[in-house]
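Taken from Swiss-Prot as is:
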- SER12, ASP153, ILE154, GLU155, LYS192, THR193, LYS194, PRO195, THR196, GLN197, LYS228: CTP binding site (BINDING)
- SER12, LYS192, THR193, LYS194, PRO195, THR196, GLN197, LYS228: UTP binding site (BINDING)
- ASP70, GLU146: Mg(2+) binding site (BINDING)
- 294-526: domain 'Glutamine amidotransferase type-1' (DOMAIN)
- GLY350, LEU378, GLY379, PHE380, GLN381, GLU401, ARG456: L-glutamine binding site (BINDING)
- HIS499: active site (ACT_SITE)
- GLU501: active site (ACT_SITE)
Amino acid sequence: MKYVVVTGGVMSGLGKGITAASIGRILINRGYHVTSVKIDPYLNIDAGLMNPAQHGEVFVLKDGGEADLDLGNYERFLDIELTSDHNLTTGKIYSSVISKERHGDYLGATVQIIPHITDEIKDRIKHAAESWVDKDGNHAEICIVEVGGTVGDIESMPFLEAVRQMHWEYGNGDFALVHVTLLPADTMGDLKTKPTQHSIKALRELGLEADIIVGRSNLPVSLSTKRKISSFCDVDVHAVISAQTAPDTYLVPMELEKEGMADVLLKQLHLESGKTDNGWYSLVARDYTSRITVGIITKYGVEDVYISIKEALKHAGRHLSTEVVIHWLDAELYTPEDLADLDGILIPGGFGNRGIEGMISAIQYAREHKKPLLGLCLGFQLCVIEFMRNVVGYWDATSEEMGAGTHAIALLPEQEGVEDLGGTMRLGDYPVTLDPASRLAELYGATEIVERHRHRYEVNPTYIDEIEAKGMKFVGKNGRRMEALELADHPYFVATQFHPEFRSRPARPSAPFIGFVKACREMKRKE
């Protein structure tokens, strides 16, 4: 196993995750099997209970792990599936070590950061890397490890010490360190290297040396700037990689390839360069022949909360040669005029009461005005509530989560008595059986599918017959549980309890999103 560790300096938010995912993609394009690990130095066990407005999207993995959004980038760029083992947090590491100490596993030793915490980190990285198998049964040859945060952060210190030990243990040929740093421009447009020099100095103080430096900038990095960084930071000039901001993140692997990243990295890892597979580049470089505008009705004002939805729309749009322009509409602030200008409406997932009535009003507008609609998770539940109120006749229909009224949406039976909120929802992959005559079955090309879930509530079985008698059909089920719905007399009114966006890939767009984008495009053509 060979390891590529990606660290960051100067400031957070530079795009380490996209850089790590892009490195994985160019290595796959050279014929290698690659997996990824993300280290998040926070004390939370996982991302499940973190405020999405602060942390961004909670990405759900196939085994039910609730992870950082970078795991979603890895899955999309590398076209792989990961598990909760591939997301390490300080909370997981310390919890495991303390549990082992209580169990007596350390045989009376004084438990310390070094060696016990660092050994736990290394063991978990190694386990995640070596246990991963792709859909064809291939084991990974290279593991990309992204260390969250910035070099110098106190939270990252045990992880960086573990990385230092890994470098010593594996040595050149099996280990490479890629450091992502900021190259800010002054008022004259010249890129400044001093922050990078200080960042490399901080890295050295921890016993680490960068093998490759990736300079993030809105401008191209000149050869003279690369030479300056090379001279001050002791890396080969060819190992100073320009990472100029790209108009589309899926173009980043192409830009890194042009900069020679793959050749430098493979040389460091003592691997053959191999022939580049250009399939990825043809996949992401398609031309658009049409354009649609989709409104996403949001509870949270941060686009990163909905990154998988945004990417799934992009995947479907590319597949259909249709550019998807997204209008982000606050559920509490939008107007009917905002909805009238859209080609389609998407209601995403979320929790809590805020913005719910605005989402329900948008669903009613889409139903009555025959505007394509896709509802996801909470969006699915709100479609049921809107229909119960305005068609079935229960004016006080609501969710048990929201308060008093007719509970069209009820708590899952297995959630009764659950006290801990973390990791206790219905999470991860579950099978869904589709009605063979449904639109979704046609889109999936199958009646038995698997999708990812994240919810505590479901359609109340008491009202299913009444709802279906009025024309809303539940076309996807898991046993007695309702998983998907459609309206027959509508161009595209589809909602799912599951999250199809989490399994969407550039090469394999999500079926509900394909249907949604296609319906939006047809609606626009008719206008």
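Glycine is no exception: its Cβ is also placed from the backbone N, Cα and C atoms.
Within the set of binding-site residues SER12, LYS192, GLN381, the entry lying nearest in space to GLU146 (Mg(2+) binding site) is SER12 (CA atoms). Mean pLDDT, taken over the domain 'Glutamine amidotransferase type-1' (294-526), works out to 95 on the 0 to 100 scale. The binding-site residues in question are ILE154, LEU378, and the one with the fewest Cβ neighbours inside 10 Å is ILE154.
Rounded to a whole number, the distance between the Cα atoms of GLY379 (L-glutamine binding site) and THR193 (UTP binding site) is 47 Å. Between the binding-site residues THR193, GLN197, the minimum number of other C-beta atoms within 10 Å of a residue's C-beta occurs at GLN197.
Calculated from their C-alpha atoms, the gap between ILE154 (CTP binding site) and LEU378 (L-glutamine binding site) amounts to 38 Å. Note: ARG456 (L-glutamine binding site) has non-local neighbours GLU401, LEU411, LEU412, GLN415, MET425, ARG426, i.e. same-chain residues 6+ apart with C-beta under 8 A of its own C-beta. The L-glutamine site is defined by GLY350, LEU378, GLY379, PHE380, GLN381, GLU401, ARG456, and by the 8 Å test on Cβ atoms against their centroid, the other residues of the chain that qualify are GLY349, PHE351, CYS377, LEU382, SER399, ILE409, HIS455, TYR457. Annotation for LYS228 (CTP binding site): spatial neighbours THR193, criterion Cβ-Cβ under 8 Å with sequence separation of six or more. DSSP assigns GLU146 (Mg(2+) binding site) to a strand segment in the three-state reduction. A 10 Å cutoff on Cβ-Cβ distances gives LYS194 (CTP binding site) a total of 11 other Cβ atoms nearby, all chains included.
Ranked by Cα separation from PHE380 (L-glutamine binding site), the binding-site residues SER12, LYS192, PRO195 are led by SER12. Put simply, PRO195 (UTP binding site) is 13 Å from SER12 (CTP binding site) when counted between their Cα atoms.
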